[in-house]
Amino acid sequence: EGFSSVKYFLSLYRFQACVYFASVFQAMSCGIHYLASVFMAVTPNFVCGFPGNVSSVLFHNSSASSIEDIWTLWTSPENYIVVQLENGEIWELDQCSRSKREATLDLAYEYKGNKSVFPCSDGFLYDDTKWKSTVVTQWDLVCDREWLAKLIQPTFMLGVLIGAVIFGDIADRLGRQRVIWFTSAGQFVFGVAVAFTFDYYSFVIVRFLLAMVSSGYLVVAFVYVTEFVGIKARTWASMHVHAFFAMGIMIVALVGFLVRTWWVYQIFLSIATLPFVLCCWMLPETPFWLLSEERYEDAQKVIDTMARWNKVSNPCKVSELCSVQQDDLASGRMGDDDTSSTKKHNILDLFCNWQIARRTITVWLIWFTGSLGYYVFSLSSVSLGGNEYLNLFLIGAVELPCYIIACVAMDKLGRRNTLIPFLILSALICVLIMFIPQDFNILIILANMAGKFSIGVAFGLIYLYTAELYPTIVRSLAVGTGSMMCRVGSVVAPFCVYLRSVWIYMPLLLVGIMALLSGILTIMLPETLGKPLTNTLVEATEMGRNKKSCSEKTPPAHSGAALEKIEMFGQERVSTDK
């Protein structure tokens, strides 16, 4: 049924299909920039620099004429290198300090005599066998400046959070089309500008702006395509916006493998979606937004264009749609005079009684866990051993089938019955990985792929499930706050990955605990498959089989012919983001 929906969409809605694929193509750039730092900010092996010209180098029982020949033997940060300079001085080079031996008669690796310790005032020497240049080697973000390197990804994710809020609001005020134009151009401009930053602080600031426009595009693109796509294919279409994001991750792996200089790598990633920037001005505004702004003539022009592309002889007339909608609203007001003044709702309505409050806490936890697990598995993939480029490529590729499985399962088994097993499965996989010996690289990589797959199903499903769990009057608020929790998870994820330095399995332990807790709490959520959307908090509470409800009156929902016609061109606006 799912695949037939997609075929039906492609065959009958040519205009929407073109708009959809053009829009989600640029979503790849979001996946690219979100994960670009895994190779751009990598820290290679390094030691302190030395004051002078080296004549010989000693590492354990191996000697060489240059330090470059020693890197292949380097196995641990605890190691040090002994060098003898042309003036006869002998130095021990550690990662964050260097020692000058007082006795210089014999060059040996082990030394028990007196040494003078000095800071790394001559810079650092880096292993460039894998990466010719990274931002870490460019600005010496090691030792006492290591914390600056660890802030690169969290500050980017903070920009993601702020950008989603700002551009989501701007899109409601100025339209989706303008925001898509601006954010698309912004991704290209700021993406290229990152490569030409002159110091660490300008690099972080430009990356922060890049994060804002990338996040803004992803949020608005999701709303944009769902307002164009018909009802029958909407679930598949909205879910597979995430699939194009995953393709962006795969491109990061490919470009990282081919280009080993960070600023060239950044330029190649930024121009990957340049074709969309050149043609995005052709995308139309959505009829849904035009109607909400009472720009009826512009809406009619877009509808007529859609009709010509789709070969529809009798297109919908905006004047007829508006007249039916006004009749429905008038009849609703006659039924209840008190609803003429619509009550404004706030976040407290998500906690109006125990049933709804418990639902909100559970949903927020799922959003947070999904984002945390998604980025922990993605960011950790380059540290699993083996080929780090292949690891990241597979971590991205495994998402493509996971969204297909999610679409099929949520329509066949239900939303809750799909969410629970995949959350618990991801927790079990986290535990399983902890018992796999470190020498079994292939098995560890496969287990991490399975973990990313299971958390990806849950992460993709929660968007639609949240919208169905809440009534019309607070639905956008519920999805918006859930999305905020998602972004909090994405900010926390890099710090969680850094806990590998404390204990290698600490990130997996935290994700596993959160996933297990989320899976258990999900059992108490109601199933929404096949049930009509609720309009009031009373109805939403009753869906949870709890008669205790919030006492309030709400305006009537649009019904009849007007609703059917509106559904052809738009839906309730929800904000979503990785």
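Here the Cβ of each residue, glycine as well, is placed from N, Cα and C on the backbone.
Annotated domain 'Major facilitator superfamily (MFS) profile' per TrEMBL: 72-530, in sequence order.
Annotation source TrEMBL lists transmembrane segment at 12-36 (among others).
According to TrEMBL, the feature transmembrane segment maps to 147-167 (among others).
TrEMBL lists 179-198 (among others) with the feature transmembrane segment.
Annotation comment: TrEMBL describes 204-225 (among others) as transmembrane segment.
Outside the transmembrane segment (237-257), and at least 6 residues removed from its termini, the chain residues within Cβ reach (under 8 Å) are 9, 20, 24-25, 27-36, 38-39, 218, 221-222, 225-226, 229, 265, 268-269, 272, 378, 389-393, 395-397, 399-400, 403, 406-407, 456, 459-460, 463-464, 576, 578. Per TrEMBL, the feature transmembrane segment maps to 237-257 (among others).
Positions annotated as transmembrane segment by TrEMBL: 263-283 (among others).
Sequence annotations record features per position, and here TrEMBL assigns transmembrane segment to 361-377 (among others).
Here the transmembrane segment (389-410) has long-range neighbours at 2, 31, 35, 38, 235-236, 239-240, 242-243, 245-250, 252-254, 256-257, 377-378, 381-382, 418, 445, 448-449, 452-454, 456-457, 460-461, 464-465, 529, meaning same-chain residues at least 6 beyond its ends whose C-beta is under 8 angstroms from one of its own. The feature transmembrane segment is assigned by TrEMBL to 389-410 (among others).
The annotation transmembrane segment is assigned in TrEMBL to 417-436 (among others).
The transmembrane segment annotation in TrEMBL covers 442-465 (among others).
Summarising the annotation, TrEMBL assigns transmembrane segment to 477-497 (among others). Here the transmembrane segment (477-497) has Cβ contacts under 8 Å with residues 150, 153-154, 157-158, 160-161, 164-165, 168, 345-347, 349-350, 360, 363-365, 367-372, 374-376, 379-380, 462-463, 466-467, 469-470, 506-507, 510-511, 574-578 of the same chain, all six or more residues outside its ends.
Per TrEMBL, transmembrane segment is recorded for 503-525 (among others).
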